[in-house]
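Structure, as structure tokens:
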Amino acid sequence: MLDIRLFRNEPEKVKSKIELRGDDPKVVDQVLELDEQRRELISKTEEMKAKRNKVSEEIAQKKRNKEDADDVIAEMRHLGDEIKDIDNQLNEVDNKIRDILIRIPNLINEDVPQGASDEENVEVKKWGTPRDFEFEPKAHWDLVEELKMADFERAAKVSGARFVYLTKDGALLERALMNYMLTKHTTQHGYTEMMTPQLVNADTMFGTGQLPKFEEDLFKVEKEGLYTIPTAEVPLTNFYRDEIIQPGVLPELFTAQTACFRSEAGSAGRDTRGLIRLHQFDKVEMVRIVQPEDSWDALEEMTQNAEAILEELGLPYRRVILCTGDIGFSASKTYDLEVWLPSYNDYKEISSCSNCTDFQARRANIRFKRDAASKPELVHTLNGSGLAVGRTFAAIVENYQNEDGTLTIPEALVPFMGGKTKIEKPIK
């Protein structure tokens with residue numbers, strides 16, 4: 001959520017930033033108009049309360065003098081009714097302002113490229129060379145079924161479209177990837193591992209920006225009023241919600257592996273086969289909570305943490321900066337890492353790393369103190385995939401397949417696969 005002082009002090013800047021996202025800048029004028037009404041009502045109620053205090057003193061004086069105070073008491077009641085009416089109006093205006101503010105996205109950083117869609121994202125780095133196959137490579141959705149690593153048909157029977165059973169070596173590979181990523185982040189990148197709730201309340205979803213604007217993308221347990229998490233970013237970032245972090249604690253670096261649940265509203269017809277776009281998938285998430293002056297360096301470091309995994313796994317990828325028309329609601333700047341998938345003959349997103357500046361912190365009321373005597377300030381929050389496990393699984397299957405239908409295990413994963421170096425079709 002944005003600070004209303006930005007609207008008062010720099011309205012044109014806010015308008016231009018909103019317009020860059022393709023949204024209507026008129027909301028700035030709406031906020032300012034309501035803010036002016038709010039100020040007038042506050043002034044009016046303060047005036048009325050001062051008058052009520054004066055009348056209260058007058059009543060006390062009359063009673064001390066044993067004079068008739070009925071007319072003054074009547075005036076006091078009238079003032080009380082007027083104050084109550086103004087307070088109700090003020091509450092209504094406050095709610096209108098908040099309802100607008102919570103739907104306005106974060107302000108985009110100056111170096112984010114302008115563009116209308118993902119086609120205008122800007123590549124800033126490329127690593128590795130896509131493999132030149134001497135045979136026709138298979139798509140991961142075909143190869144995993146041949147190797148008995150996954151069963152999409154039975155998952156559809158049990159749950160519907162966009163679900164999967166991972167079986168035998170498929171389950172082993174998924175677990176190996178999760179353990180490898182968590183080990184890398186905790187032993188080499190300085191993150192603290194967390195195991196988080198995977199059902200959260202509405203306040204938590206509001207804090208990270210999923211609610212109210214993106215409720216259709218979420219799965220909800222209606223009876224309890226809880227939501228399944230779309231990413232571990234949600235519980236990790238909200239760890240300090242409504243708290244003041246004490247001096248010396250920051251920066252906090254959290255990582256967690258969770259199942260993630262997404263309705264994929266608006267994705268009909270896209271990536272309907274395989275592991276790329278499921279309703280339920282595993283992901284290892286990175287979250288950083290830092291002091292404001294450290295957040296831009298933290299974004300670079302976090303992105304490099306995700307890149308280190310792709311490089312150690314030997315998976316070709318590229319880094320792109322998301323343009324103004326593709327960047328997420330809560331982000332001020334986002335890097336996407338896209339891994340090479342032969343079945344698409346293209347790069348597909350495998351990680352998204354964002355600096356949300358103080359946008360989520362204001363929504364979730366997360367503050368810190370620099371020292372014991374200082375005033376609390378809003379933190380900056382960052383999040384990134386480190387990595388999406390299912391998409392990494394798919395990338396390994398496609399990039400490490402062999403002509404005889406077997407699958408070579410990347411060297412970095414062998415210790416996490418119980419020493420297994422190759423996956424072959426099981427006898428039964």
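Glycine is treated like the rest: Cβ placed from N, Cα and C.
The structure displayed is predicted, hence computed values, not measured ones.
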One of E285, E338, E424 listed by Swiss-Prot as binding L-serine at the site of T231, A232, E233, S385: E285
Between S385 (L-serine binding site) and S352 (ATP binding site): CA-CA distance (Å): 6
Mapped DSSP class for E233 (L-serine binding site), helix or strand or coil: helix
Integer Å distance between the CA atoms belonging to E349 (ATP binding site) and A232 (L-serine binding site): 18
From R262, S263, E264, the binding-site residues whose CA lies within 10 Å of that of S385 (L-serine binding site): none
